[in-house]
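Everything on this sheet refers to the single structure shown next.
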Amino acid sequence: LSTISQALTPSPSMILETIQPEIVYAGYDSSKPNTADNLLSTLNRLAGKQMIQVVKWAKVLPGFKNLPLEDQITLIQYSWMCLSSFALSWRSYKHTYPQFLYFPPDLVFNEKKMHHSAMFELCQGMHHILLQFVRLHLTSEEYSIIKVLLLLSTIPKDGLKTQAVFEEMRTNNIKELRKMVTKCPNNFGQSWQSFYQLTKLLDSMHELVSDLLEFCFYTFRESQALKVEFPAMLVEIISDQLPKVESGNAQTLYFHRK
């Protein structure tokens with residue numbers, strides 16, 4: 001009976017795959033010129049919609065509800081940019097050729113749009129992550145677990161309210177990633193190397209996101225002068241996150257130290 005029960009019980013990776021957020025649309029108006037303010041405002045509106053989906057996703061993550069609401073909010077605030085850019089690379093990997101960035105179905109960035117957006121170098125950074133997906137032949141199972149680990153990779157320097165519960169959830173997901181690469185037939189005899197490469201990918205996301213946040217905070221401060229719009233959801237998140245990050249209160253949990 002226990003064997004049947006185990007066979008019928010979905011694995012953690014299967015659960016994570018089934019709860020992935022729906023793809024949302026940017027509402028991109030192709031009749032407007034591709035100026036930096038129009039493109040950035042559209043991306044901000046998209047990010048606001050995506051954050052609603054991220055909150056819904058986080059709520060049903062195994063173990064996340066064991067954290068107090070304050071800790072849940074803190075983790076989402078610290079990781080939103082990481083989650084958004086990682087999901088962007090995944091969509092680009094699945095739906096386009098490697099030279100494009102697939103923000104939503106109605107707004108795909110080619111090199112021309114990257115230049116027009118005033119964030120060409122940042123787009124190149126996101127494109128580099130996409131190329132890592134291609135090189136690693138990233139699977140949906142690996143993507144799903146790494147995404148959870150990104151949610152759990154930045155915390156306040158003085159820790160969370162329930163640090164022990166957080167550490168247990170993070171440890172469980174690290175173990176699941178180890179288990180997954182060990183079972184993968186493509187990784188036979190090389191599971192340690194696959195785990196190393198996947199965790200290096202995870203660490204590299206934080207380096208990119210540091211630059212993305214710097215640009216985001218700048219456009220947020222200068223939004224009126226730059227004519228860049230921010231939806232209410234992002235205003236709330238950034239207003240709370242910005243002083244914490246710039247005061248050095250955010251601690252990133254790396255797998256590898258340089």
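Glycine too: its Cβ is placed from the backbone N, Cα and C atoms.
From a predicted model like this one, the values you see are computed outputs, not experimental measurements.
Straight from Swiss-Prot, the features:
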- ASN44, GLN50, ARG91, THR219: 21-hydroxyprogesterone binding site (BINDING)
- ASN44, GLN50, ARG91, THR219: aldosterone binding site (BINDING)
- ASN44, GLN50, ARG91, THR219: progesterone binding site (BINDING)
- 1-238: domain 'NR LBD' (DOMAIN)
- 1-6: region 'Hinge' (REGION)
- 56-59: region 'Important for coactivator binding' (REGION)
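Of all the binding-site residues listed here (ASN44, GLN50, THR219), it is THR219 whose C-beta has the fewest other C-beta atoms within 10 angstroms.
For ARG91 (21-hydroxyprogesterone binding site), the same-chain residues lying six or more positions away in sequence with a CB closer than 8 A to its CB are ILE23, TYR102, PHE103, PRO104.
Counted with DSSP, the region 'Important for coactivator binding' (56-59) comes out as 4 helix, 0 strand, 0 coil.
Of all residue pairs in the aldosterone-binding list (ASN44, GLN50, ARG91, THR219), the one with the greatest Cα separation is 25 Å apart.
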